[in-house]
Structures are given as C-alpha cells and as structure tokens.
Amino acid sequence: MAEGEDVGWWRSWLQQSYQAVKEKSSEALEFMKRDLTEFTQVVQHDTACTIAATASVVKEKLATEGSSGATEKMKKGLSDFLGVISDTFAPSPDKTIDCDVITLMGTPSGTAEPYDGTKARLYSLQSDPATYCNEPDGPPELFDAWLSQFCLEEKKGEISELLVGSPSIRALYTKMVPAAVSHSEFWHRYFYKVHQLEQEQARRDALKQRAEQSISEEPGWEEEEEELMGISPISPKEAKVPVAKISTFPEGEPGPQSPCEENLVTSVEPPAEVTPSESSESISLVTQIANPATAPEARVLPKDLSQKLLEASLEEQGLAVDVGETGPSPPIHSKPLTPAGHTGGPEPRPPARVETLREEAPTDLRVFELNSDSGKSTPSNNGKKGSSTDISEDWEKDFDLDMTEEEVQMALSKVDASGELEDVEWEDWE
C-alpha cells in the first residue's frame, strides 16, 4: 500500500510540474506573441510615417520647382518687355552690325529692324501709360480743333491692327479700359500724340533740308579771305615806319644826343630843274627806305637833294659852319669867299639864311667841302670834335659828288632866286 501511495505521489507531482511548465510556457508564448504584434505595428507605423513624410517632401519640392519655373517665365517676359523699351531709347552695341552704319532696334513684338528715330519715338509713345492716362500736351484749343476734324470710326481698322500687333497697347488697353478711361478717350489721346509726333518730325525734316540747302549754297569763305588778304592795304604799323637814314658815325659810336647836333637845312624850294647827269657827273644820294603809302615822307628826297646842293655850294665858297656841342646853334650868316682860281670874277651874293629843322630823331650833321681843284667832295663832321679824315674814305665810298663849276653856279643862282621859305611852310612839309 505504501508503494502505491509513492507512485501516486510521483504521478501527481509530475502532473503538477507539467501543468506548471505548460502554464508558464503558454504565458511566455503569449508575451512573445504580444511583443511581436506590437513590434510589427510600430514598424508598420514608422514605415508609413516615413513614407508619408518623404512623399510630402517630394510633393513640396516638385511644387516649388513648378512655381519657380512660372516665376522665371514671368521674369523673363518682363525683362524682355523692359529690354524692348531700353533698346528703343538706346540700342545696345550687340544689336549693331559693323557693316556701314546699320543699327538694329527691337520692336514691341520681339523682332528686330533697322533703327529709325521716328519709329523709336512711336514705340516709346505706345508703351507709355501716360499717353493714355494724362491730358494731351499743349494748349487745349489745339486738341479741340484737332478733335473736331478727327473721326474715330475711320480708325477702326488701324485700331484692330494695333491691338493685334502691339502687345504693349493691348495690355494697356485691357488694363485701363473702362476702369480708368473710356474707349474713345484712350484712342483720342493716342492718335493726338501720334499727330504731334508727326508734326515734330515734319519740323525736323524741314530744318534738316534747310540746313543742307544753306550748306550747298554757302560760298567759299576761305577763298574770299585769301583774295582779301592778297589785296589788303598796308597795316598802320607798316605805314608809320620812319625813314631810315644811313648814320655817318662808325659802328660802335653813339649818335648825337645834344640839340645842337640837328640838321641845318637852308630854306629853298626843291630844285626840280637840276637833274643829275647819267654820266660820271652824278650824285649818289643817301639810301632811304620810304613807304609809298605815306605822302609826306615822299618829299624827303628833294629836300635832301637841295640840302646837299646848298651845302656843297657853301663849302665851295670856303664856308665854315661851327656848331657847339651844347645849346642850339643860332642861324648862321656866312660871308662869301672867292674860290681859288676865280679871283677876278664877280663876288657872288650872300647865301640864304640857314635854319634849324626839328625832326623826330636827331641825325648827323655833315657839310660837304667841295674841292675846286679835284672836283671831288670830302665830308667833314662839324658836330664832333676833331676832323673827319678818319671816316672820309667811308663817305667817299657812299657819296660820290661830281659837279662842274658851271653846275654849281647854276644851282647858286636858282637858290638865290627862289627866296626864303617861312617856318610855317616847313611845318607843312613835315
């Protein structure tokens, strides 16, 4: 009996153990199933969220790209429109062909054509909103007068062409009519602006034609100026050049400075009858540079001739004229002397009074001493101390006076017969 109880206890313990293991295993299995289910749900949820987030990001990116493309298109269209306006006012260099002078400009429709100022102004007028919104420029009377002669019905065909061919006019018309202006006001203002533009262009063409005509008819001013320069009179500076006289002083010596060294001139009339011969008996006069335009200076030649003839005649008679170095010399009255070789002849009459002629510049005083034996004249300097033998050779080279006794007597007789001139007449000579 005892063995049967032991077997029963072991059997019950095994059953209890098995039952306990079975329960624990089932609980563990349930936990595992529940964990797997939860893990699967979490994974599925996370995957779905990730997929949804990725899809939304992709959709947003695609939407952004699409909107940016539309923006780019709008920006491109606006830039093209503004480029047309800028090219209308100032064509860019890249639209200019380096072939002759052909400039291309952009039109509102997007094409290019040779540049024309009138068309450029017309395109600018068409794309300007002020053309249609503001009142026309100028006096209202002119606009009313033009409006009375304008018929909008006649412009229907042109209006249709403008709306079809000009995007700028079409856009402005759609935006402004009838919100801002009426249909008639829109087109009245536009066509009046075009009318003013045509008038302005007509004035430009008229001015251009007149300028070209004046240039074609303009005489050759340069040729006329050259002709006038060729026949122009002598300038005042050239006309007032004083008579240049050869100085009797050697080079390096200053000229006379005191008033006593002025020229002594006898008041006689110009000996028009006394003409020097063309042979060896000729008189070499002082070279003078005279201007033919000055009449008073042209008389210097006969005055010098008469002076030299009288001085020669005085020296032939042995006259010695003394001139002091200080103070003006008084009029000299000399006594006639009988020349050598003519002691028995009649005594000649006393010569005329010698007077002082004031000139602008002091000149040298020289008296010719006529040697009756040799027939040659030797100059003597009475305005300087000492004799003039040191410069007589130079004067003989410059002045060669050969006169016969008969010519000297004839000159003296004419001098005595002419009489004495007054001081006023000598001033007139100057």
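Here the Cβ of each residue, glycine as well, is placed from N, Cα and C on the backbone.
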Phosphoserine per Swiss-Prot, picking from Ser214, Ser374, Ser387, lands on Ser387
Annotated as phosphothreonine in Swiss-Prot, from the list Thr37, Thr356, Thr404, is Thr356
Per Swiss-Prot, the phosphoserine among Ser109, Ser372, Ser392, Ser418 is Ser418
Feature phosphoserine (Swiss-Prot), candidate list Ser277, Ser334, Ser388, assigned to Ser388
Of Ser92, Ser235, the residue that Swiss-Prot annotates as phosphoserine is Ser92
For Ser166 (phosphoserine), the three-state DSSP class is coil
Across the domain 'BSD' (146-198), DSSP labelling yields 44 helix, 0 strand, 9 coil
